[in-house]
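Engineer: First the structure, then my questions, so here it is.
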Amino acid sequence: MTTATTAREAATGGDVAAPAGSLRRYGRWWPAVALAALLAAPYSSLPLPGLLDGPIGSAGSLQLLALCLVFGALATGYDLLLGRTGLLSFGHALYFAAGSYATELIMVEAGLPFAVAAVLGLCCGIALAAALGSVALRVGGIAFSMVTLAFAQAGSILVERDPGGVTGGEEGRAIPADRLPASLAGIGNTANLYWIALAYLVLTLAVVHWAVRSPTGRVWEGIKENERRVEVLGLRPYGFKLVAFVLAGALAAVGGIVHLLLTGGATPQTTTSDFTLSLLVMVVLGGSGSRWGPLVGGVLYTWADHRLGDLAGSPAVSGLPSFLRVPLSQPLFLLGALFVATVVALPGGLTRLPARLRRR
Amino acid sequence: MSTTVLLAVTGLGLGALYFLVAAGLSLIFGLMDVLNFAHGALLSVGAYATWWAAGGHLPGAGSGGFGFVLAVCFGTAVGTVAAVVLELALIRPLYDRPREQVLATVGVGLAVPALLSAIWGPDARPFPGPAALSGTFGLLGARIPVNRLVLIGAAAVVLVALRLFLGGTRHGLVVRAGVEDRAMVTALGIDVRRAFTLVFAIGGAAAALGGALGGLYYGSVDPGQGTSLLIFAFVVVVIGGTFGAGGSGAATGSVAGAALAAVVVGLVQQFANYYTASGLGDLAVVVLLAVLLLLKPGGVTGRLA
């Protein structure tokens, strides 16, 4: 974060005496500044007590930051369905897990190099999303949600039951360290994995940004508002919805591959319906249908899920009376409660909060 | 033969458990169009409340005889109250935003099991049951656990009670009419929202009873139990919706359909899991859900039956 402040000083320090208007003009560049700060994070040794365990550049912190970025990106891709096209899919975990399991299987069982396996794994994810999406999109509304739920649940059962010893059952599948390129294996190379996660985030943001501004994206918006009207205008929503579904599935498959690298294996937890529900929570928490909302929600959720448990063990919390301490020790309870509060009291999510406060 | 009988009775017991969850789920969905993802949490609340009471924390309640009956009643009551609170606090304020209603129940479905595991730990706790219900009895050469019969009996009682309520009382009439055409009922000057709370209370009671007796069936309680049953309950609701079509009225049809579907799903799961590869029964049931929805999408959009 030291780089963040210097970069911001460089951006604003040139004309300190300039009026507030130019400040606002420079304010538009905050994504670039944030990106530069994120890029430089592995070189920073700044401690963030409470937020992270150890300085930013340490392997543990980088791992958590990278996970936050991956889930932020994953939520952004999921919002392509939920917030941009209005499709409530309960089976997004399937495509994430497909990318991660397929890549691992191809790499280890077929003995192909990682890059080839990753491309093939992505292709598997896309093919699965295209096949299941083309079937599921034949129905609309809540029926679509339940068909996607059924497909994902079938995938989850398959993975858990471990047919022929392929998926590793409840253990999942770990990558043997010698199968990975040397620059991606080992704890000393966490920075490289972190940059890969950051690249995935930038890719997702760029793809979603570009897609929703394309002509297809305009139709998605129309489908979300009123599907019948899109039909009356002479367009067939089915094809457009399928494009959104496959694009979101492809982005999830890439996320699965990055997650595979980051955690060193494919785990069955990523196939469950709970995983999809947590994506849903991230998107709605941050703000569905906005550019930064799902990212904010994903980062917040992942951070809270990993760090609140540690905080609960800290002396500050363990000294509290039990009726306060017990709920605080369960990150999922806090996140669920925060989610419900957001749904009820804050439509538009956390990213809408500043605008709402300003209007008061 | 003895294996077949054992599998059949166990399948019926499982079906009874599914029915207890699905009955409320299908009434809530039929009347309010809310897919209640918190229904599994209600089941867990009932299971833990019964476990807590049967463990000797509630005066008079215990793990044997009348004390256990009291514990089950306590669990059911707690589940009912939880369902009513859920409806009044979360569903009613979101009445004009149907998608947010579903999202709110998703949040509750995540938060409640997490809270339960924060209080009593994430591991399964052994469920105390009366000695009379933990034995087995002989039927056509098979040794069958008694608790299966308790579940089947409870489900039958709930089925009959629901049919009597829907067919014979004024509130039941409002619920039936509401499932058929909610706008018309409102237009006739009847406050259909009171029926919403009522349906949530009934659904919560049935699910909590299912949780209490499910503790007997599984022999333990754990925070994730309700959520894992929920997906199969969804399957039952959807299949029941397609069965119930053409029955006598939408609401009674959906309850009877759910009962029939629960039996089918429970039996298919037990037999397929035993005679083919383990897990194939679960898989078959889930795929059946997808196929049915694709063939008859009307089975779940809006009206159930």
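Positions of Cβ are set from backbone N, Cα and C atoms, glycine also.
TrEMBL annotations: computationally assigned, not manually curated.
Remember, predicted model here, so these are calculated numbers, not experimental data.
Pulled these from TrEMBL:
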type: TRANSMEM; residues: A:29-48; note: transmembrane segment
type: TRANSMEM; residues: A:60-80; note: transmembrane segment
type: TRANSMEM; residues: A:87-108; note: transmembrane segment
type: TRANSMEM; residues: A:114-137; note: transmembrane segment
type: TRANSMEM; residues: A:193-212; note: transmembrane segment
type: TRANSMEM; residues: A:242-263; note: transmembrane segment
type: TRANSMEM; residues: A:275-293; note: transmembrane segment
type: TRANSMEM; residues: A:332-350; note: transmembrane segment
Engineer: Counting only residues 6+ away from its ends, which parts of the chain sit with a Cβ under 8 Å from the transmembrane segment (A:275-293)?
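Structural biologist: Non-local partners: 71-72, 74-75, 78-79, 82-84, 89-93, 96-97, 152, 205, 208-209, 224, 269, 300-301, 335-336, 338-339, 342-343, 348-352.
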Engineer: Do the transmembrane segment (A:242-263) and the transmembrane segment (A:114-137) come close, with at least three CB pairs under 8 A (pairs 6 or more apart in sequence)?
Structural biologist: yes
Engineer: Pairs 6 or more apart in sequence, C-beta under 8 angstroms, 3 or more of them: is that satisfied by the transmembrane segment (A:60-80) and the transmembrane segment (A:114-137)?
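Structural biologist: Contact between the transmembrane segment (A:114-137) and the transmembrane segment (A:60-80): absent, because fewer than 3 Cβ pairs are under 8 Å.
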Engineer: Cβ under 8 Å, sequence separation of at least 6 from the ends of the transmembrane segment (A:87-108): give me the contacting residues as numbers and ranges.
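Structural biologist: 74, 78, 81, 114, 116-118, 120-122, 124-125, 128-129, 132, 136, 142, 144-146, 148-152, 155-156, 159, 166-167, 173, 175-176, 179, 241, 244-245, 248-250, 252-257, 259-260, 265-266, 270-273, 275-277, 279-280.
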